[in-house]
Amino acid sequence: MRFENVLADINGFGRFQIMIIVISFIGRFTLPCHFMLNNFIAAVPSHHCNISSLDDGDHFRNLSQAERLVVSIPVQDDGTLSSCQMFAEPQYDLLLNPNMTDLPTVLCQNGWVYDNTTFKSTLTSQWDLVCDRRGKNKATATIFFIGVMFGAVTFGSLSDKFGRRIMLLVSYVSGMLFAVASAFSSSYVMFAVLRFFTGFCITGIVIVSAVLSVEWVDIEHRKLVGVIDSLSWTFGNTGFAAIAYFVTDWRWLIVSVTSPLLLAIFTWRWMPESARWLIANGKLEQAQTYLKKCATMNGTEELIHTLKTETLSTIVVTEKRDRTYSYLDLIRTPKMRKLALCTGALWFCVATIFYGISFNITGFGLNIYLTQFTYALIELPAKVSVYYLLDKIGRRRTEVGAMLLAAVCLGINIVVPTDMSVVRTVVAVIGKGFSSASFGTVVLYSSELYPTVVRQNGMGYNSFMARFGVAVAPLILLLDDVWKELPQVVLCSAAVVGGIVARMLPETRNRCLPETIEDIEEQW
């Protein structure tokens, strides 16, 4: 007997499942905000050297601010003031002959002055993360996602060992505490450490809630639940653009996007444990309790008497229930090893291109709030399209197609001239849509590929690989110092590789979820 048979008897998609989706939706709102947070808290405002040290008396003070800048800051080839250099002493001759060249310059001697028009305060202006410290600015995103990477592995393992429900609460509470603490950091090092732990803790929300949702619904509605979970990301991203527009101080922006976790903690009391996990771990009485709650809420009370522990005990019989599973089980057998290798590589590629595009909101010369909002909004039609394509052409073809089309868009932007900012932005937005479709597909696809006994471990491992890709994405964008289009070339290559790897996976459309490792070895 399979768990799907039990779900079919008590309604595999009723009020009970809708309650799980709504509760998950609330908790997941804060995730995209934190994942995209560096786009705004680490934004680099227009800046130039602080020229107060060049004040040599009345002559300098009698100049207007514009004239002071002319005699103090060299002009770059594009006509803008240099961000990192200043003249060693005031060059008053430039007021008469602005075309003078080869004047002696030095690095900024007394800090920087920032344009506060768009942002009241950012990490950049707080700790002067510009010029030779530019790498530290990008590193804050990488540090956060390294935390997410290790958190995914940890929460994946712990939720397979202790249960989905309790680890979801741990992720809510610890993620909120570390996030709020990071907003009151007094130094860059303190902020970096707290952001690491924020990423470590908050990632449990996405991998636990995604698995919980999928494990409680029938085959027919799995794709709907996967798309709705994915749309919570779109909703959070769209709302984040508005929040960032009104909250321009980096400290209060962190607090603002973390506050929804308070509501998530309150609603957690109604979140059920996964009955699949309980049965797989021999906790038949607890599984029976939750299944009866499901039957009552879904209006199938007349079938409650059939949910006996003797019946539930027949669901998983091919492997011992008292066995503890670990990440080693992902590589013990040949077909599980192949599955883990393929999905891990796919998640790495998907995350690298998705966030490589998402982090580049200033790379096209348009308003960053509008770019962020458009990037988020394009996810809606992309994911709605996925909903129809998952059953029409299957999970595998949808994933392969989305990855290759994203590669085409990235390839187009390699050859489009940099001065055509509107065209490049439109192409990037379309590419973001395809990468979003691939991300929405791969989460559902992978949860259907792994067996129940190691599903959370599998998703934790996949999430680890994805966050490794995300951690690499900001560093890929730094390659523009080598060649302006090199980041686009790297991202395009990753998308092509991802499409090839996805082609090697089996189709899961209209198939029961595998329960044991033996199911994988027999079916694939």
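Using the three backbone atoms N, Cα and C, a Cβ is placed for every residue, glycine included.
Annotations in TrEMBL come from automatic prediction, not curation.
Since the structure is predicted, the reported quantities are computational estimates derived from the model, not experimental observations.
Straight from TrEMBL, the features:
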DOMAIN    85-510  domain 'Major facilitator superfamily (MFS) profile'
TRANSMEM  12-31  transmembrane segment
TRANSMEM  139-159  transmembrane segment
TRANSMEM  166-184  transmembrane segment
TRANSMEM  190-212  transmembrane segment
TRANSMEM  224-246  transmembrane segment
TRANSMEM  252-271  transmembrane segment
TRANSMEM  339-357  transmembrane segment
TRANSMEM  369-390  transmembrane segment
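Only sequence-distant pairs (6 or more apart) were considered; of these, fewer than three Cβ pairs between the transmembrane segment (139-159) and the transmembrane segment (369-390) are under 8 A, so the stretches are not in contact. Across the candidate stretches 166-184, 224-246, 339-357, the maximum count of CB pairs under 8 A to the transmembrane segment (252-271) is reached by 166-184.
Looking at which of 166-184, 190-212, 339-357, 369-390 has the most CB pairs under 8 Å to the transmembrane segment (12-31), the answer is the stretch 190-212. Here the transmembrane segment (224-246) has long-range neighbours at 13, 17, 21, 24-25, 28-33, 36, 39-40, 209-210, 213-214, 217, 253, 256-257, 369, 372-373, 375-377, 379-380, 383-384, 386-387, 390, 436, 439-440, 443-444, 447, meaning same-chain residues at least 6 beyond its ends whose C-beta is under 8 angstroms from one of its own. For the transmembrane segment (166-184), same-chain residues at least 6 beyond its ends with a Cβ under 8 Å from one of its own Cβ atoms are 27, 30, 34, 155, 158-159, 191, 194-195, 197-198, 200-205, 208-209, 212, 250-252, 254-255, 258, 261-262, 264-265, 268, 271.
Below 8 angstroms of C-beta separation, residues 20, 24, 27-28, 30-31, 34, 123, 139-140, 143-152, 154-156, 159, 164-165, 167-168, 170-172, 174-175, 178-179, 181-182, 226, 229, 264, 271, 274, 443, 447, 455-456, 459-460, 463, 467 of the same chain, each at least six residues beyond the ends of the transmembrane segment (190-212), sit close to that stretch. Taken as a whole, the domain 'Major facilitator superfamily (MFS) profile' (85-510) shows an average pLDDT of 87 in this prediction.
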